[in-house]
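Quick notes on the structure that follows.
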Amino acid sequence: MNNLKKLVGIEAAKFVKDGMVVGLGTGSTAAFFVAELGRRVAEENLQIVGVTTSSVTNAQARELGIPLKDIDEVDAIDLTIDGADEVDLDLNGIKGGGAALLMEKIVATYSKDYIWIADESKLVEHLGAFPLPVEVVSFGCGQLFRLFDKLGFRPTFRLDETGARLITDMGNHIIDLHLEKIEDPARLIKLLDETVGVVEHGLFKDMAKTVIIGSENNGVKIITK
Ligand SMILES: O=C(CO)[C@H](O)[C@H](O)COP(=O)(O)O
């Protein structure tokens, strides 16, 4: 699997050109992309500015010497490349397995172009087998948990390595919804968007225009909308 993640990471870096402001995604697949960008900056003198989507990616990019700016210091982000946990045939997806969904969605929203990279195991017919992450403020999140439970969403709090409720880079918690199959993504998005205490959710609908998929048999496949 790692070889496929590396393959698509390297392929995605080819979309990055001199002068671009580039959104740098989070996760093990995006890390291969960031590593390749770092190589190009160091070895090919590629001139870019990165905007990161998590503290983890920020640390990796700094280590590699990729020039970085805060999202509010740039006029626009030309292109963001990120991983995904699930991608359906309409190029809608679930993100947030790495707990970075809020920063990832904000960076994606302000990007002119947005590409996902993934190995073939992420392609699905219906979203929902991967638990849907919902970022929530800590105040009243127990009430929110009970509400999700009553709605039949089978919620669980995301925990950190110590067993405590995970705290995201933005200082919130994550409730994962074990939905199995999301029949109507638009309806669920409306419900979550209207629920007080929900900061953001990992359903990314109509955001990615291109997905680069790595497969054992066919190598790299680029799907566009
Ligand atoms: O959304 C994400 C982080 O919040 C990641 O992009 C997603 O979880 C995919 O990660 P990986 O490439 O490690 O499978």
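Placed from the backbone N, Cα and C atoms, the Cβ positions cover glycine too.
Binding of substrate is attributed by TrEMBL to T26, G27, S28, T29, D82, G83, A84, D85, K95, G96, G97, G98, and within the candidate set K69, K112, K122 the record adds K122 to that site. K95 (substrate binding site) sits 9 Å from E104 (active site, proton acceptor), taking the C-alpha atoms as the reference points. On the backbone, the CA of E104 (active site, proton acceptor) and the CA of D82 (substrate binding site) stand 8 Å apart.
Listed in chain order, the extra residues whose Cβ falls within 8 Å of the Cβ center of the substrate site residues T26, G27, S28, T29, D82, G83, A84, D85, K95, G96, G97, G98, K122 are G25, A30, A100, A118.
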